[in-house]
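Here is what Swiss-Prot records for this protein:
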DOMAIN    2-218  domain 'ABC transporter'
BINDING   Gly34, Pro35, Ser36, Gly37, Ala38, Gly39, Lys40, Thr41  ATP binding site
Amino acid sequence: MIKLEGITKSFGSLQVLKGIDLEINKGEIVSIVGPSGAGKTTLLQIMGTLDEPDAGTVAIDGTVVSRMKEKELSAFRNKNIGFVFQFHQLLPEFTALENVMIPAFIAGVSSKEANERAMEILAFMGLTDRASHKPNELSGGEKQRVAVARALINHPAVILADEPSGSLDTHNKEDLHQLFFDLRDRLGQTFVIVTHDEGLAKITDRTVHMVDGTIKKD
């Protein structure tokens, strides 16, 4: 599903990633852990085509995305990869439903179909009655579930999450973590999650440990 080979990345004189090789299978939920500065977020951004490696290749479902032109890459990203961040990044002027629909509009989906897709996902999240509410009317846990719904709207094969539960309380963290597994079981998606949450890392299918820009071998 996801294959990284020889990934390097430097910012100025600082080498952040030092020849990363990593394969992630379809339907896996993989956590990436390690100390701050280990290169976790940079690796996730390269995996999600938000940044380019200095060297090496990134392939998703057999497509070598690291060789794509920007326009082609943007379309591929919007269709095949969903992103969830620590802070929900919902647009405050739009309702929960409208926020979820935005990536579908970008992909050229009709308003009717986007609405149907969004309502179906919000229903699965238990948020049907919150669809018309704006972000400032939602709880922290609800906002993050809306952000997950937005990541799912185009039925991506891969969900990449960077500290998705970092701003949530214990109860909402547990609910969000369970949601990832429910989604995987229902939709067969692949999840890669950067986290400092030991509880989440323990229940994922596999944990990748990073230290100083490398993957630590067990």
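Cβ coordinates are placed from backbone N, Cα and C, and glycine is handled just like the others.
Location within the structure of each feature annotated in Swiss-Prot.
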residue	record	Cβ contacts under 8 Å, 6 or more apart
Gly34	ATP binding site	Lys40, His209, Met210, Val211, Lys216
Pro35	ATP binding site	Val211
Ser36	ATP binding site	none
Gly37	ATP binding site	none
Ala38	ATP binding site	Met210, Val211, Asp212, Gly213
Gly39	ATP binding site	Lys9, Val16, Leu17, Ile20, Met210, Asp212, Gly213
Thr41	ATP binding site	Asp162, Val194
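Taken residue by residue with DSSP, Lys40 (ATP binding site) is part of a helix. Residue environment of Lys40 (ATP binding site) contains 25 other Cβ atoms, counted within 10 Å of its Cβ in all protein chains.
According to DSSP, Pro35 (ATP binding site) is assigned to coil rather than to any helix or strand.
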